[in-house]
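Here's what TrEMBL has on this protein:
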BINDING   Glu77, Ile95, Asp96, Asp219  Mg(2+) 1 binding site
BINDING   Asp93  Mg(2+) 2 binding site
Amino acid sequence: MQTAETTPGVAGRLAAARRIIGLAGDWAKGYFDRYDSLSVETKSSRQDVVSIADRDVEDLIRAEIRAAFPLDGLFGEERGGEGETSGYTWVVDPIDGTACFLHGLASWCVVIALVGDGRTLIGLILDPMSGRLYQAIAGGGAWCDGRRLSVDRTTPINGGLFALGASTVAQGAQMGRIVEGLLNAGGVFMRNGSAALSLAHVAAGHYLGFYEPRLSSWDCLAGLLLVEEAGGVADDFLAGPGLSGKGPVFAAAPQVAGAFRALTGE
Ligand code: 2AM
Ligand code: CA
């Protein structure tokens, strides 16, 4: 089978993405070191925050991609979308876990995905605080700093950790039911505030699953590819909400996927 890595055009973009995400991580970390002096703006609610750090890091990533691949599309959380004529579109979240970042918590990351032909071809998630770079290539596996990743294929629900996320008032009752169900099943719920990092941790076998009812493509495409390439169950977000839609994100280790999905009510 032809992997995305051997598809003409993808290898060069993967090398560029690795370089660019490193620059972006360093830039973001510089802002994080003085997080409490950044002025914070709100978006859809008082809890939906953004700062100059998000915008500057996205601008840096866009400028680098634009310079290297001027015909590629660009789609990012803070600056919206620009069209493509090459068949490739980059999907960027400059800082996923912005609320953690702006409260001085280390749970945030930089996310870059490449989409082509209706599927995610590569996904990169950099955790600048640990220095870990998670990387997936469609058909070519999931990796972290040279180590092949695999989901935890043996632990049952009552032996592992599940990450959840939620960001709107409307999700309260549903999340309450999920937490109750998980605890009744002997499971443990976690929330780290970054959907992308949660998905990377499912791929690495730290969490058994992740669910959040409403996310965007930039939050989840890279992480879903990581989970799929690490042998997990990961929903196809592009076939559902798509590049510009919002919708639920589900990923889990195979042996718990059915039971965990039932608990989410999806
Ligand atoms: P962000 O940090 O880039 O904003 C936390 O629950 C997850 O949901 C994070 O990945 C976060 O991404 C995202 N998120 C935060 N506020 C949101 C909102 N109002 N709508 C959708 N997603 C949101
Ligand atoms: Ca995000």
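The backbone N, Cα and C atoms fix where each Cβ goes, and this holds for glycine too.
The sparsest Cβ neighbourhood within 10 Å, among the listed binding-site residues (Glu77, Asp93, Asp96, Asp219), is found at Glu77. Secondary structure at the residue listed as 'Mg(2+) 2 binding site', taken from DSSP and collapsed to helix, strand or coil, is strand. Taking Cβ-Cβ distances under 8 Å and a sequence separation of 6 or more, the neighbours of Ile95 (Mg(2+) 1 binding site) in its chain are Ala28, Ala53, Asp54, Val57, Phe101, Trp108, Cys109, Val110. Between Asp219 (Mg(2+) 1 binding site) and Asp93 (Mg(2+) 2 binding site), the C-alpha separation comes to 7 Å. DSSP assigns Glu77 (Mg(2+) 1 binding site) to coil, not to a helix or a strand. With a CB cut-off of under 6 A applied against ligand 2, the binding-site residues Asp93, Ile95, Asp96, Asp219 are reduced to Asp93, Asp96, Asp219. Summary of the Mg(2+) 1 site environment: with the site residues Glu77, Ile95, Asp96, Asp219 set aside, the chain residues having Cβ atoms within 8 Å of the Cβ mean position are Asp54, Asp93, Pro94, Gly97, Thr98, Val111, Ser194, Ala195, Ala196, Trp218.
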